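The domain 'PDZ 1' annotation in Swiss-Prot covers 9-90. Among the features that Swiss-Prot reports, domain 'PDZ 3' is placed at 242-322, with the record citing sequence analysis. The feature domain 'PDZ 4' is assigned by Swiss-Prot to 377-457, with sequence analysis given as support. Annotation comment: Swiss-Prot describes THR450 as phosphothreonine. The feature region 'Disordered' is assigned by Swiss-Prot to 352-373, 472-520.
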Amino acid sequence: MASTFNPRECKLTKQEGNSYGFFLRIEKDTDGHLVRVIEKGSPAEKAGLQDGDRVLRINGVFVDKEEHMQVVDLVRKSGNSVTLLVLDGDSYEKAMKKQVDLKALGQSQEPSLNDKKAPSVMNGGAQMWMQPRLCYLVKEGGSYGFSLKTVQGKNGVYMTDIKPQGVAMKAGVLADDHLIEVNGENVEDASHEEVVEKVKKSGSRVTFLLVDKETDKHHSEQKIKVKRETASLKLLPCQPRVVEMKKGSNGYGFYLRESPEQKGQIIKDIDPKSPAEKAGLKNNDLVVAVNGKSVESLDHDSVVEMIRKGGDQTSLLVVDKETDNIYKLAGFSPFFYYQSQELPNGSVKEVPAPTPAPLEVSSPETTEEVGDHKPKLCRLARGEDGYGFHLNAVRGQPGSFVKEVQKGGPADLAGLEDEDVIIEVNGVNMLDESYEKVVDRIQSSGKTVTLLVCGKKAYDYFQAKKIPIVSSMADPLDDDPDPDEGRLEGSEQNSHMAEERERAHSTASHSSSNSEDTEM
């Protein structure tokens, strides 16, 4: 049954700061995540997206049954490149009626020559992997957020059912990844049952060495064996640190000691304001290398002598306990970090540890700093006297804002406040539109209207930081109410004039409030 439906793979690439040129939305009484309002000449149009398409997969992850904002989030976090598997509207509706397994659609498609450089999600960005990569997963809620599968005609075990925003996805695991190692042990020739057992025995944390679908195909065609020494460590949440120090009048300002609990040489008793403290050395750091040479197998006196031979400056490769535990679990020496970073022996280049992907951030711009400055979505149902607020604008300036919110009126009950700046009306950005157009859009809406607004302080903050204000930053609205429930007859719009501004008594709304509409 599934073979009669032909989904399309569309690869979209945009410039930094620009959009993909389409809206992703859900509509009342309509199934699926819909593609709408495709801009002419946009990346969306060039990639072949069509109005009414339903998005089945994003970067290989099946999303048809996921919450809409999670789907929007996946697109946003893909950076400047995203791959969508879509099905045209008519086919989608027929498939739903025939109860076709949408998850199976497109899975047998082999990538074309043009697909060789398809981008893959990596911690919210886009990156093409041509080398194996190491991923570290820690269970959340008793789950890693993936399943394992075997593929007919191919050896090995592969990753599937990657849960959107789950542990595996955040760790950098991709759909159809070939699993090479589990906790440093090669599993290329292991059975499905053996691999499952190894993962279970690992407990609440596990490391995988993986190759993506394209890389795996390349290795298979060229009969190249995957080499663990070529692995990328970039996805690990903790990394070794290269620390450079210049000796002060009282030396470096730390003690080097052997630990009965941990094999190797441990940093202890760092003096305040010493070269060691200023360089970022921490108590209980384990010394892996001195001036580019591994000291993991050396005794205490030998390591001390190597530091002394460095003269008035030294470069240490160190790991904290968490980093050491991750590398040990994966069966890698932290010294491998030198090769992976292409640092020459003896390098004193300071390499900052990468920051793990944010867990609950809805778009790349919404950081913790923005937390107190988020916009809000307000859904207003027209009352007997309209919406209960006035819309104002300063002459000669773009943008409209809220004034005179009537206590107990629809606007007040929806959370609208004086000085709130209107960002969107029913999903359409109105920031650069004239006052008249904003008024007209509200008036032509119907019985309810959904506004994305931003308080003056928050608006000024976003403008200063040049952060675009989008609906995914706001808390989601509850399910739509019945627009006819409790409806009162509306009054005619009442316009007023003030010396410095125009304002209009707001009325009306539109059935578009029965959708979530996000510009991509």
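Cβ from N, Cα, C; glycine included.
A simple way to gauge crowding: the CB of THR450 (phosphothreonine) has 25 other CB atoms within 10 angstroms, across all the protein chains here.
Looking at the domain 'PDZ 1' (9-90) alone, the prediction's average pLDDT is 86. With helix defined as DSSP H, G or I and strand as E or B, the domain 'PDZ 1' (9-90) counts 16 helix, 27 strand, 39 coil.
Annotation note: the residue listed as 'phosphothreonine' sits in a strand segment as assigned by DSSP. Across the domain 'PDZ 3' (242-322), DSSP helix (H, G, I), strand (E, B) and coil residues number 17 helix, 29 strand, 35 coil.
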